[in-house]
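Before any comments, here is the structure.
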Amino acid sequence: MSEPTAEDNGKPISQQDLCIPEKEAPKDSCCSSLKIFIVALSFAYFSKTLCGTYMKSAITQIERRFDLSSSAVGLIDGSFEMGNLLFLAVVSHFGARLHRPRLIGMGCFLMAIGSALTGLPHFFMGRYKYDTVIQGSLNKTVSIAPCQYPMVPNDYSNAHIKPSNNTGTGCVKDPGSSMWIYVFLGNALRGIGETPVTPLGISYIDDFAKAENSAFYISCLQTIMLLGPMFGFLLGSMCARLYVDIGFVNIDSVTITPQDARWVGAWWLGFFVSSAILVLAGVPFWFLPRSLTKQGEEGKENSNVDQGNKEQPVLPTTHSIKLSDIAKGFLPSLKRLLCTPAYFLLLCGIVLKFNSFIGLLTFKAKYMEQQFGQSASRANFLIGVLILPVVAVGIFLGGLLMKRYKLSVVAGAQLSFITSFSAFLLLLLQFGTKCENLPVAGLTVSYNGTPDTSYDERSLMSQCNQDCSCSTSEWDPVCSDSGITYVSPCLAGCTASTGQGKNTVFHNCSCVLTPSPVEGSRSVSLGQCPRGPACTRSFTSYMAVSVLSSFINSLGTTPGYMITIRCITPELKSLALGIQTLVMRTLGGIPAPVYFGALIDSTCLKWGMKSCGGRGACRMYDSNMYRVIFLSLTTCLSGCSYFFIIAVIVLLRKQFSKEEVKALQQTASKKNEIELQAPEKRHPDGSKTDTREKTETTNAEG
C-alpha cells in the first residue's frame, strides 16, 4: 500500500486530517455525563417514589395509631402536595436557568429530613393501647366474666389495655393525641424537597438528548421509577406485619393479630429506612455539570477544538443572568402557555384523571381490607408484587413503541386514549366482584340473625345483654361458631372464660344463637369471624381485573407524557411540566384524599372512641356502600376526563395537518426558487446556456 502523497488536488494531507472523519461520528460513551445523570435521576426517582408510596401504604396504620378519621388522614397525606405547591412554579421557571443537578441534590436531602421527621413522633407517644378485656400480661389463667364486669379491674394492669372513656375532670389526655402534626409537617417538607426532581430532571434530559432518544430515556426512567412504589409497598407490607412497639414490649402479651381492626404495625420504621435511601440518592448530583453537549454533537465540538476554536463554549453560560431579568419573562411565558388550547384542555383531562388515580392509590389497600377481609400487610404485598411490576413493563413497552415506530404526537395521543379507555371499561367489571357485609350482631345483622344494617349504636343493645351494663363504645370482637361476630364479649352476654392471651375462649354467652358442639355451651373466641370461600373467589377475580387493567393503561403512559412536552414550544418545556404538576397537586393531590376519605367515613358503622371521649378511627365499614361509593367516584372522574382528551386529539390533528401543508408549500416554493436561480452553464467555445431554457426545450420536445 502506497504512502499518501504530499499533494492531492492541490491540498496537503496530514495524519491529523485523515483522523477527522472518525471524530465526526463518535460512538456514545457508556459513561457519558448524560447517562450518569440518567442513572442518578433514576435512583432519585426510585427513592422519592419509595418514600411516597410507603406513606400511602402506612395510611391505615397512621389512622389507627393517632385515632383519626379517613378524611383527617387524607389531609395529612395531602400535605405533601401542599409543600410541593410552595416552590413548584418558582423552581420550574428559575431552576431551568440555574444549576439543575445541584438543585435536585438539595431536594433529595430535604426529602430525607422530612421523612425522618414523619417517623419521629413514635418515640414521644408512649406505648400503644387498645380496647380489650384480656389480661395478656398474666402468666396464669384468670377467669373473666365480661357480663358482670365489663370494665377492666384496676388490679390487672396491662400496657396494651386502653383505659375506659372518661370525659370528666379526672381524664388524662393522651400525650400523643396531637403528634400527628409532626407527620403533617414532615410530609409537607418532603413535598418541598420533591419540587425540583421531576421538572428539572426531565427538561435536562430533553435538552441534551437526541430527539429520538428522549422518549426512550424518559420511558426507562419511569420504568425504573416504578421499582420505588414496588419496594415501597413491600416495605409497607413488612412493617405492617410487625407490631408498632416491637422491641419495647413482649409480643406474646399482644392479644390482637394483623387482621384485627385495632392492629397497628411498625409504621415509623419505614420512614427512617426511606430517609437513609434519600440521602444516598442526593450525593451524585453535586458532582454533575451544569450543562452538557447536545447528544450527537460531540464530534463537532471535538472538531472545533482540534481546529483551534478552544475559546468557543459548548452552550451560552448563564451565570451572569440576574434573577430579576428571569422574573420579567415569567408572566408572559405563563400566558403563552395557558393560551395554548391543546395544552389547556390536556391539563383539564389530566386533573380529573389524577383525582381518580390519587383517590384509588391512597385507599386501594384499605378497600381490599374492608371489602375482602385482607390484612394491611397482605394488601400492600399484593399491590407491590402483582400490580406494580406489570405497570412497569407496560410503561417500558409504551416507550419502546414510541421509539420503534417513531410515533407522532397525534399517534401518541391516540395510543394513550385507546389504552386508557380500554382499561377504564375493564374497571367497570369490579362492581361485580364483591363480598357481602360481615355478619356483626347489632351492626349488619340483628341478634336473631336477620340482615339489618344499622348506623345507630343503640342497636348493639338487646334483651340478651341488657343486664350486663356493657359499653357500646368498645371494640373487642369475638366470633361464634354460627359465623356471627359480636362487638365485645360483654355484648355477647358471656359470663365466664378459659385460657389466656390470644387463646382465651368465653362461655355461657346468652346472645349466641347456636350452642358450640365442642364446649357444649354457647361460646365465642377472640377476633372477627373469617369470610367464606365465595369472598376468596371474588378477591381473586378482583385482583385479575386490577392487574390486566393496570397493564393496558400503562401502555399509554409514556406517549401521553410526551404530548405535554411536544404540544408546546421548546423554551416552555420546563414551565409546562412545572405548571402541570402544580395544577395536579392543587386540584388533585390535595383535595382528592380528603373528599375520598370523607365519603368513606360516611360508610362507617362502628367508630372507635378516644380515651377522653370523642370519635377515633373507624373499626368497621358498610362494605356494600364502601364499594359503591369508592368505585363510582373513581370511574366517574376517569370517564369525564376522556371528553377533554378527545378534544385534544382533534386539536392536534388540525394543528399538525396545517403544519404539514405549510411544510409542503415551503418545500415547493424552495424548489421553484432553486430552479429560477439555477446557474448558467459555460460551453468549451465560451458560449453560455441558461439551464432554464434547456429545461423548457426539453419539456417542449417531450
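Each Cβ is built from the backbone N, Cα and C atoms, and glycine gets one as well.
So that you can see what the record holds, here are the features copied from TrEMBL:
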- 37-665: domain 'Major facilitator superfamily (MFS) profile' (DOMAIN)
- 458-513: domain 'Kazal-like' (DOMAIN)
- 666-702: region 'Disordered' (REGION)
- 33-51: transmembrane segment (TRANSMEM)
- 103-124: transmembrane segment (TRANSMEM)
- 224-244: transmembrane segment (TRANSMEM)
- 264-288: transmembrane segment (TRANSMEM)
- 342-361: transmembrane segment (TRANSMEM)
- 381-402: transmembrane segment (TRANSMEM)
- 409-429: transmembrane segment (TRANSMEM)
- 628-652: transmembrane segment (TRANSMEM)
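Under the criterion of 3 or more C-beta pairs below 8 Å, with sequence separation of 6 or more, the transmembrane segment (103-124) and the transmembrane segment (409-429) do not qualify as touching, having fewer than 3 such pairs.
Using the rule of three or more Cβ pairs under 8 Å, pairs at least 6 apart in sequence, the transmembrane segment (33-51) is not in contact with the transmembrane segment (342-361). Counted as Cβ pairs under 8 Å, contacts with the transmembrane segment (409-429) are highest for 628-652 among 224-244, 342-361, 381-402, 628-652.
Residues 341-342, 345-346, 348-350, 352-353, 355-356, 359-360, 363, 367, 409-410, 413-414, 416-417, 420-421, 424, 427-428, 430-431, 563, 567, 596, 599-600, 602-603 of the same chain sit 6 or more residues outside the transmembrane segment (628-652) yet have a Cβ under 8 Å from a Cβ within it. Here the domain 'Major facilitator superfamily (MFS) profile' (37-665) returns a mean pLDDT of 81 for the predicted model.
Long-range Cβ contacts of the transmembrane segment (381-402) within its own chain (Cβ-Cβ under 8 Å, at least 6 residues beyond either end) map to 57, 215-216, 218-220, 222-223, 226-227, 229-234, 236-237, 364-365, 368, 374, 412, 415, 419, 543, 546-547, 550-559, 562. Sequence-remote contacts of a segment are chain residues at least 6 beyond its ends whose Cβ falls under 8 Å from one of its Cβ atoms, and for the transmembrane segment (342-361) they are 53, 56, 420, 563-564, 567-568, 576, 579-580, 583-584, 587-589, 591-593, 596, 630, 633-635, 637-638, 640-645, 647-648, 651-652, 655. As a summary of secondary structure, the domain 'Kazal-like' (458-513) carries 6 helix, 11 strand, 39 coil according to DSSP.
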